Amino acid sequence: MAKTTTADPTDVASEATEPMLTYVPASPWGTRIAAALLSVIVGGFLISIAGNANFGWAVVGEYLFDARILSGLYLTIWLTVVTMIIGVVLGTIFAIMAMSNNIVISTVANAYIWFFRGTPVLVQLIFWYNLGALFPELFIGVPFTPWGMSVPTNTLISPVTAAVLGLGLNEGAYMSEIIRSGLLSVDPGQRQAATSLGMTRGKALWRIVLPQAMPVIVPPTGNQTIGMLKTSSLVSVISLSDLLYSAQTIYSRNFQTIPLLIVACLWYLLATTLLSLLQARIERHFARSRQEIGAVPRRRIFR
Amino acid sequence: MSAPMIVFDRVSKNYGDLAVLRDINLTVAAGEVISLIGPSGSGKSTLLRCVNHLERIERGSITVDGELIGYRRNGNHAYELPEKLIARQRARIGMVFQSFNLFGHMTALENVIEAPVHVLGIPRREAENLGAELLVRVGLADKLKSYPRMLSGGQQQRVAIARALAMKPKVILFDEPTSALDPELVGEVLDVMRSLAADGMTMMVVTHEMSFAREVCHRIAFMESGRIVECSTPTEVLDNPAFERTRTFLSKVQ
Ligand SMILES: Nc1ncnc2c1ncn2[C@@H]1O[C@H](COP(=O)(O)OP(=O)(O)OP(=O)(O)O)[C@@H](O)[C@H]1O
Ligand SMILES: [Mg+2]
């Protein structure tokens, strides 16, 4: 840069004799004190729990890897995974149906969502479980024609089928609203551009719209999955031994209620933690087109 | 420049009671660049969107390179084609939007090769070479891996043009390609369009850039309330308009 000799009003600062400033950031004493106090309170709380014999930590250790608990855990995880897959598939189908221009199609989808969100999932489970009492025989084949065969309902609907149907259909209704809001969040211009490039509606949805809806869809879906982990404990009413029910069965014999509930909670917490990590990974994957990626600064402990 | 590329024959369209296009007759020759001007709501965008059947017309016909768009002709009836076949026709009609509409989850290069790979079925490697070439051509050699969010408006619009070109279109329709841009970015987009015109691409351009229309376009069509009021060379329309309505419009935009 060439030095100018003309009187330039912006040059005044460099002419001045004052020394350069050293900047000192404001020190967040209030935040530090609050953080220190919180550490003491939380620490004290943890110690009082860990040192409390009434919590029966020895019993917790004894039952943590009990075969019944582990098989309950397996059923809980299996139910969560299967019902979420059903929920996502049904949710996608019904979300697309609900957005259809055809009034019959969109009405059917909205009625499904209305009904399954509007009734308690517990009732739905019991309903599916008792389907045999309502329809003793199920007809499999072409409706209103004699082609097909009748099957006794109870051979078709086992408790596991009832659980999967009940939880999955219910989840589908919630997922369809989540997926619909995701699809609506994508600018209509994206679909137009895809169409004008010669994509069919299906291809545009799959390649262009859905991937861009994912950042909106994934976080609430993570929420639903974690919710399902615990909602699935309702299947105890149709005599399935999930994680919580297994713990209950054990403490109804040995009366170690609190330790066994802690055992169940530890497993629920572990599963939730893993699911949260998985969700964070998926979110990172779909955020890669965003500039802000990796820009989140590391948090300090005492600042 | 003689063979007709796009032919509008007595085209009319309504939205409910509103007649948006009325009896449009227009022939765009191969290699011709024609610009559409006219007041807001006069039907310019609608006319473009009818060309690739994003909108249906009620009367008349539109053909591109001799092919009826969106329909199959049988005697005096035109039967709408199945979606797949319409998509195939659209693939050869490029469109560039005012709001760019780049795919936000894809890089510039991915935007350009998306349709060649997933619509035309060109091998990815080959498409990437072609895509990179096109991006170089629109002056974005160093932006292949950039996401739309990281590009300026002018750069995004140039990617959008490259994306249209990647389908080797017979014609490209531009709907106000520079209206969303800051004034200093308009020039870079117009430069690209100018070079396309020089290469003989058939283009229909809705624009408010009168200097571009004058310099690059072979003809200018002035539209008002769904009609083409006059259509002639830029000098005729801009300097010596035959109709009072054209004159009033031009006095407002120039
Ligand atoms: N989907 C629609 N439903 C009903 N009317 C519409 C629709 N799209 C456009 N119109 C009407 O059709 C007329 C022509 O619209 P068009 O978008 O073609 O105008 P335009 O000449 O492109 O205007 P602009 O310069 O503002 O873009 C307008 O009166 C508009 O209100
Ligand atoms: Mg318009």
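Note: Cβ is positioned from N, Cα and C throughout, glycine not excepted.
Residues or ranges marked as domain 'ABC transmembrane type-1' in TrEMBL: A:73-279.
Residues annotated as transmembrane segment in TrEMBL: A:33-53 (among others).
Feature annotation from TrEMBL assigns transmembrane segment to A:73-99 (among others). Packing against the transmembrane segment (A:73-99) from elsewhere in the chain are residues 105-106, 108-110, 112-113, 163-164, 167-180, 183-184, 205, 221, 224-225, 228-229, 232-233, 235, 240-244, 246, 267, 271: each is 6 or more residues past its ends and has a CB under 8 Å from a CB in it.
If one looks beyond the transmembrane segment (A:111-131) by at least 6 residues along the same chain, the residues whose Cβ comes under 8 Å of a Cβ in the stretch are 94, 98, 153, 157, 159, 161-163, 165-167, 169-170, 172-174, 176-177, 231, 234-235, 237-238. Positions annotated as transmembrane segment by TrEMBL: A:111-131 (among others).
Per TrEMBL, transmembrane segment is recorded for A:151-170 (among others).
Annotation comment: TrEMBL describes A:257-278 (among others) as transmembrane segment.
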Beyond the flanks of the transmembrane segment (A:257-278) by at least 6 residues, Cβ under 8 Å: 54-57, 59-60, 63-64, 66, 69, 73, 76-77, 80, 222, 225-226, 229-230, 243-244, 246-248, 250-251
